[in-house]
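Below is one structure; the comments refer to it alone.
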Amino acid sequence: MEWVNETWVREFVFLGFSALASLQRLLFMVFLLVYLFTLGTNAIIMSTIVLDRALHTPMYFFLSVLSSFETSYTFVIVPKMLVDLLAQKKTISFLGCAIQMFTFLFLGCSHSFLLAAMGYDRYVAICNPLRYTVLMGHGVCLGLVAAACACGFTVSLVTTSLVFHLPFHSSNQLHHFFCDISPVLKLASHHSRLSQLVIFMLGVLVLVIPLLLILVSYVRIISAILKIPSSVGRYKAFSTCASHLIVVTVHYGCASFIYLRPKSNYSSSQDTLISVFYTILTPLFNPMIYSLRNKEFKSALQRTMSKTWFPLS
């Protein structure tokens, strides 16, 4: 009860786009179009993977989970942001802010661990191709996704609990467009070094450890690729990993900039700009990088469209 009595702030006011007041209607239209296109692209990818049996492989199973994470990720943040761009009062309740942070962190952390699982999938496919179907069976794939979600749930629960058990007595003006960790922590009346350290170490757990696992996988993958005698074989093997490498670079680059830099270097304007990139643009580009440049997926998409639109032909 002591925490409830000390919590004077009952709602937060978003100021993320306050400096762009004259452009907010334009931003609304741009972000709405991008959001709808993102939903449509991810829906096409997931439905194609489900409907075409040729894509019922571990790589595309992980891709469908990634697309569902991307869709849910944007759904937590973008609709509220779009409403706020047209609203005079851009507020969110204390509980709503906590729920948004928890859900956002859960999906983001699970996304990080899922990328590590996808790196392991590529490692097995290239380094142990003869045992691929055994090592990456359906049960193993489900187990890796469940482990990624369990890790994401644990980290997000601990982090959100630490943040929202702090007293918020003074300002409720949040210099961001959603309830991210650093902007909310900045409003806390006081917080111990222990809580800061725990939150930072959780960030290290979520970002550094999966990234190290991915790097280890790719060291072995590159070593195996270099042993392939033909240049065509080397190119084909590496092309199956290129999309994953691009997504990993963007995801861990943006997330590390936001969550692993010292608190003294915090800049609300920089964070807002980077956050727009990884909450709105990245969920659009990631599935496209993975799927729409992939010949196997394009063929499956054409087959699915033919069966759906011309079932009797």
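Including glycine, each Cβ sits where the backbone N, Cα and C put it.
Residue ranges 167-187, 272-292 are listed, and TrEMBL annotates 272-292 among them as transmembrane segment. With respect to Cβ pairs under 8 Å, the transmembrane segment (132-158) is most closely packed against 98-120, considering the stretches 59-78, 98-120, 194-216, 237-260, 272-292.
Here the transmembrane segment (237-260) has long-range neighbours at 59, 108, 111-112, 115, 118-119, 122, 125-126, 180-182, 200, 203-204, 207-208, 211, 214, 218, 221, 224-225, 228, 271, 274-275, 277-278, 282, 285-286, 289-290, 293-294, meaning same-chain residues at least 6 beyond its ends whose C-beta is under 8 angstroms from one of its own. Confidence over the domain 'G-protein coupled receptors family 1 profile' (41-290), given as mean pLDDT on the 0 to 100 scale, stands at 87.
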